[in-house]
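Chemist: Please find one structure pasted underneath; my questions will follow.
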Amino acid sequence: MEQLWLEHDLSEEWIPQPQEQGSDNSSEPPTTSNVNNTQSTGRGSSGTSTEHGTFKKGRNDAPDVPQWKQVNAKNPVARDIFARLDLENMFEESSKQSPPSKSPTKNPSKKSSNNSSRRSSSSVGKLSNVSNMQSSPSKDPFVSQDYEKESISSSQFSKKYSEGSLKSQQSNTRSNSVHEKQNTDHASNASSSSSVVSSPSLKPNNTSPLKLFQGASDPFTREHLNQLTQDVKSNSFENGEKQFSLPEPRRPQKPMRTTERKASLNTKDLYQEVEEVMARLRGRMPNSGRESTIFLPRKLSGLREEEEQDEISVEVSQEDSSNAFPSLSDQLHLKSLQSMKRVTSIFNDNDDSFPSASSSPQRQAYMTDKMPLREIDVGSSQSSSKTARLNSSPKSTLKTSSVKTRRSHSAQSSRKVSDYPNMVVITPADLPEGIDTTQGSMEFDRIHNRWRRKGHDSDLGFDFETDEDASLSHPERTILFKAASTRHQANNDPNNLEKQQPHSFPLRKQNVAQSEFPKHSLRDNSENAPQILSSFHDLSLQNESFDEMFNGRYENGSPIPFISSGSGLKSKADKDAEYSFSVSRQSIIQILSDVEPYEPFWKRIIQLDISRRHLDSLIGLSELCPSIEELTLEGNEIAYLTGCPVTIRDLNAVENRLSSLTSFSNLLNLQYLDISYNQLEDLTGLSSLIHLRELKVDSNHLWSLDGIQHLDGLLKLSACNNRIKELSFTNSNLHRLEELLLGNNEIEEIEEISSLQNLMVLQLDNNKLTNLKASQPMIHLRILRISNNAIHQLEVDQFPHLRTLYMDLNRFNRPPDIRRLKRLVNFSFRTQDPEASNFVIQPSLDIRNLYLSNNTFVTLDCKHMFLGVRYLELANVQLKEVPKYIATSMPNLRVLDLSHNYISDIESLKPLQMIHRLYLVGNRIKKMRNLCDILANLKQLNVLDLRMNPLNFNIYPVIDDSIYELSAASKYQQSINQKGHHRKEDPQKQWQEKELAFSSTLSEAWRTRRKMYAEAILLACPHLEWLDGSDVSQSSRAAFTKSSN
């Protein structure tokens, strides 16, 4: 399908033809909307001529219009780049054209027409396309020799030229009329008087003339274009000749070089361009690796700078247009020269950068020697450009030519210019003076490119050393800070940690002699130090970490401006503390891994036991296990509870290193606290635990209970084994206290004990009490233990509802009247004053357990039946026979202890059918037969102890007091003669070891006698489980049972 010509395509594919000087349209400027060209060609079949070269928009009556392949007329870049080039079609068809009969004549054309056309096109900044390429004989190797022999004759060409001239005038007239009506087509005029005739090689079926420019897809370089233009000039017509022949078709003398084109198009460092773009996006300022056209950023300070900048940009564009694609060798050579210029400018600028106070010859020599060698690398354009950018100083407004601006970096501004027009970097120097750069108490320093507090003038030079420290540092190592022009000299000093770039810089490890630095700076205040420290987050050290550098090299002095070693940097103690925190956290993680290997469950742990793990800190536990409610820390070395989760309700910290300095203020949810066996001297640290319900502070160094007496929610308090001497509850707020354990102290007197109205358990064993009085009855008291004191008298009426009363080891002249205690169940009255007279005890009817051992003269009044008695202990009371009231008044007795008396006959025990345990240690039982008859009646007997009797005196070792005390029925649950809760060795184990050693010394006869004794007892008591301190095995009992049957 035939396509229509568009104005945009015609303006790009055709150029206006020159006209004669007498033409009517000679004064009209050329346009690009419509093009009117004249062509004189003849068809081979008919020989008639038609009007060609005049095209109008919307005309379909021109069958010979050349058809163009178009993809998008308005977007020349989107054309089919794979289509056959017009140049190839022209030369291919010209070789097949049938030439005229006459030989050609060479008539050069006038140079004025071509020159005028070229100047007209170049004035708008764009070269027009060349139309109607004339073909003339040439020595070009691309043109065949047959075409040279068959050229058009001059007479024949002259005739056709005259006809074409007439048709051109008619076409121009018609074109003007169409332009007046439709305003679409416009005649194309030129300054020359002659028109260019078409070549005989161009036929209607051919494609259009060569399109030299195709937008951004130009396949020819500027060098080829210049060569082609000069060829056209050389083949143009000479002045003064009115008849001329078709010029020879010229081609460039050199064919297109594929290698040259690739070099000119592929020498760009695309990888470096990508790095630069990404660096800009990250906020960094990398050095420019490309040496192409530089687009300078416009300043916003005034209209004059904008106009100058526009002129500079136009000049740069025009100059770069002559050589837009330099060769690879030229670019490398240009980079080398610019690198040398930058290095030279560095040393030239060093003389003017430092102030007079620091620009001595020694200072310059020192800075030159200390400059890193990598900055003087001439062959590397990247490092050279970086050095030039770091050591350049701000200059005045740029007013030189574009060539000097682009080529000379010594006079260039220190601002980083962009390689892309759409990526202009705006530096703080571009900000106008009118813009407010203050924010609160901070203001932006335009020179040093940082924020600072108001009132600090960074424009003025100042020294960071004080007068006192001036003698400690070397005069040549003085650190000055003037303005931006001195930055590059300070950066060359390897000991200076000042930032060399706005964002980051590499700090190289240098082997420099260590010198002293000032201890304090002029701005050594706590407000600036954290802000300055945050700016050093991107320091990169080689072969040495940042912490090692500051702990070792900069420990005694800091060369960093605004920072001293005591205020800004971390001290060694801080680093040690941080290290210890890390170790503690790792210990917690390791312990948690042992307890619960699956880490996601750590946050769900409610109960945690990490006893005896050698822990000394709990730092990190609250972050790892935030839901813990019950924590056991027994047997560790914890001194502080920092790191404990605030959700803890039950804390067991027994046997640690807690002291009065330990704070519990963060554990407000504590309800149950056990801090026994620690080093507390007072309880003031627990005053904030308002939710505390139970508190155990046993085995500490407490002197009083001050600090917790206002905790009205406290229910249980245990402060045994401390150093408490006086105790007063006068102003106490412990109204809800139910259990108070104060044993093993040095309490002499207790005031206002009756203020604890809800008290149910009172334990005052092993103290120095002489009296215990209550101002009012304590009706809720159930258990009272006052053993091992010096009490002479006790009014039991003050405690009417007592159920347990322990009064051992006191100095009572007379026993208390326990008949009034109707609810008394357990009564212990062991070991009273030996000077006391005969005691007569009248227990209540509901009594169950009576402990009356170790009293010289004690008598039990049993006029009534005591059906509730289950346990009776009458050891060491000098009994010669078993009392008869035991069998008659206490028929439900389960345990009877009559040890260490003078009993030889137990005949009165036959009625006790319910007895389970019988202790007769240390009596005078001799007859085996009578014993076996009585034991046979005790069907429920399980435990029997007959040691230290004449019956078995030589077959058992002697029983120690401690063994007897805990093995017999008269055992005392608590050691009376010793303070504290020190556990004794198991008496059962002691007896077994002693018995085994004694058995090894027995002769065979005594071993046989011992065996016969055991068999006889087991025959009498078949259900016996424990005999004389040893367990009876089931095999032995079965053997005895079998033998008895």
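Just so it is clear, glycine is given a Cβ too, placed from its N, Cα and C backbone atoms.
According to Swiss-Prot, the protein has these features:
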{"type": "DOMAIN", "residues": "1005-1043", "note": "domain 'LRRCT'"}
{"type": "MOD_RES", "residues": "Ser360", "note": "phosphoserine"}
{"type": "MOD_RES", "residues": "Ser558", "note": "phosphoserine"}
{"type": "REGION", "residues": "1-269", "note": "region 'Disordered'"}
{"type": "REGION", "residues": "282-329", "note": "region 'Disordered'"}
{"type": "REGION", "residues": "377-417", "note": "region 'Disordered'"}
{"type": "REPEAT", "residues": "604-625", "note": "repeat 'LRR 1'"}
{"type": "REPEAT", "residues": "691-712", "note": "repeat 'LRR 5'"}
{"type": "REPEAT", "residues": "780-801", "note": "repeat 'LRR 9'"}
{"type": "REPEAT", "residues": "868-889", "note": "repeat 'LRR 12'"}
{"type": "REPEAT", "residues": "892-913", "note": "repeat 'LRR 13'"}
{"type": "REPEAT", "residues": "914-935", "note": "repeat 'LRR 14'"}
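Quick one: how deep are these features, and who are their neighbours?
Modeler: Mean pLDDT, taken over the repeat 'LRR 1' (604-625), works out to 93 on the 0 to 100 scale.
Note on the repeat 'LRR 5' (691-712): residues 668-685, 718-727, 729, 731-736, 980-981 of its chain, located 6 or more positions outside it, place their CB under 8 angstroms from a CB of the stretch.
With a threshold of 8 Å between CB atoms, the same-chain residues lying at least 6 positions outside the repeat 'LRR 9' (780-801) that come near it are 738, 743, 754, 757-774, 807-813, 816-818, 820-821, 823, 828, 974, 976.
Same-chain neighbours of the repeat 'LRR 13' (892-913): 853, 867-884, 886, 919-926, 930-931, 934, 937-940, 945, 964, 968-970, counting only residues six or more beyond its ends whose CB sits under 8 Å from a CB of the stretch.
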Chemist: Taking a Cβ cut-off under 8 Å, which residues six or more beyond the ends of the repeat 'LRR 1' (604-625) line up next to it in the same chain?
Modeler: 580-581, 584-585, 587-589, 591-592, 595-596, 631-646
